[in-house]
Amino acid sequence: MELTAAHWMYLIGTLVIIFTMLFRQNVVVPAILVTFLVGWIFSGSFIFGLQTIFNASLVAAGELFNIFLIIAIMTALLHALKSLGTDEQMITPFQRVMKNGHISFWVIVFVTYAISLFFWPTPAVPLVGALLIPVAIRAGLPPIGAAIAISLAGQGMALSSDYIIQIAPSLTATAAAVDIGTVADRGFILSLVTGVVAITLAYISIRKLIVRPSNELLIKWNNADDQNSDTDGMTRGGPVTKSKYSSLFAILVPGTFLAIIIYMVLAKFSDVLPSLEGGAGAALIGGASLILLIGASFFLNARTSLQTVSDNIVKGFLFAFKAMGPVIPIAGFFFIGSGELASRILGTPAEETPSFLFDLILAGQSYIPESSFVAGFGILLIGMITGLDGSGFSGLPLVGALSGALGESVGVEAATLAAIGQMGSVWVGGGTLIAWSSLVAVAGFAKVPVMELVRRSFVPVIIGLIVATLVGLWLF
């Protein structure tokens, strides 16, 4: 499609938002303004431009609501467990292993990677968030350190290779017309290189923030959402009397999550149980958590349990939207760059709606010089740009097709270029550098600002991707 004034406005808007982020400023206002300008220029109507602001945020809210919902449910459950005094009992067994913040960081990395490799990060985040983050906080790991460990290991290293489920390499390899297994193998190696470099650098950057273990750290962290979302002004600043049922739920809650993991393993590797597709794993965790919430509220006080469940769910949603709400207008702008979502935002038929982001990339591909070095980093950059829509997977067919077209002319195997492009797209858009992706869930469970998480991860991830690209061009 021929580039229009709206395409150039979208490009300018993207650059404005990126530079605003680099200067550590809030990007909500720039996102709203450039969304308005793109809608106005595209339609030629000032009124339509104003409507575009609302429609973009509405579509973004719909796309991200599953993330907000799981944050709200798990926060509500944690409130109920606090009331029972179960939260402190539940983490006691893990304290034997996670004795300090340094060990806790690497335990979270390995556990998150293992779960995410088999089941994707979606179910891994609430599991690790509910069971391991509180232990890590008490052990002295700062909340931002726990969030970085989860995002880089799960949404970065595990998802970028997608070595077990192989949806990502399938999309990339099919578009590049190369063997899926080759792309998967090379992607796996490059994901490990990127992950090891990025996680190591991230650990070095936060290690001075790690302090001595203290229960006061956990109390302070637990009270963070109370201060933000408690509707009746009561916070858990004082001691909580443990219920006689606290030990029951200290066993029942981790046991339930362990049973879910076993179920997903059986569903994945046997025909005994139906497989869990897409967000089914997160839905299973969310549903089970709601039942646990009802049970905990009932055993706390049967007479007031109906109201208690409702109050805790309200607190959960208040926390989720207070912490993550600013992401919605930002996501709305970048969703205009995706053809399918842009159609819903602009109200035009899908076949007539421009895909601003991908159109710009296709227009620029002819300017990539015929050099293996430049081609490798060009594909990496294109993959990273396609990840700006917050998906990580939507750009894989594009980077695959470009890799197939460039491979022979630059003297690099198309499978290698495809794997490099896959790294850029998924590491950026899959949830390590884009605040309007599933990264909001990680930030929500760790109770840290999502933009701070992005800033802390930016340099380690970029360096990791550069090193992986060099290794890929040299090794393959």
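The backbone N, Cα and C atoms fix where each Cβ goes, glycine too.
Note that this is a predicted model, so its numbers are computed, not measured.
As annotated by TrEMBL, transmembrane segment applies to 6-24, 31-54, 60-81, 102-121, 188-206, 245-266, 278-301, 313-336, 367-386, 398-420, 426-446, 458-475.
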Check your understanding: Going through 245-266, 313-336, 426-446 one by one, which has the most CB pairs that fall under 8 Å from the transmembrane segment (6-24)?
Key -> 313-336
**Study point:** Of 60-81, 398-420, 426-446, whichever stretch has the most CB pairs under 8 A to the transmembrane segment (245-266)
**Key:** 60-81
**Study point:** For the transmembrane segment (398-420): best-contacting stretch of 188-206, 278-301, 426-446, 458-475, by Cβ pairs under 8 Å
**Key:** 458-475
Point to revise | Cβ-Cβ under 8 Å with the transmembrane segment (102-121): same-chain residues at least 6 beyond its ends | key: 127-128, 132-133, 135-136, 139-141, 145-146, 149-150, 152-155, 157-159, 161-165, 195, 199, 203, 206-207, 210, 261, 264-265, 268, 276, 281, 430-431, 438
**Study point:** Stretch of maximal Cβ-Cβ contact with the transmembrane segment (426-446) [cut-off: under 8 Å; candidates 31-54, 60-81, 188-206, 278-301]
**Key:** 60-81
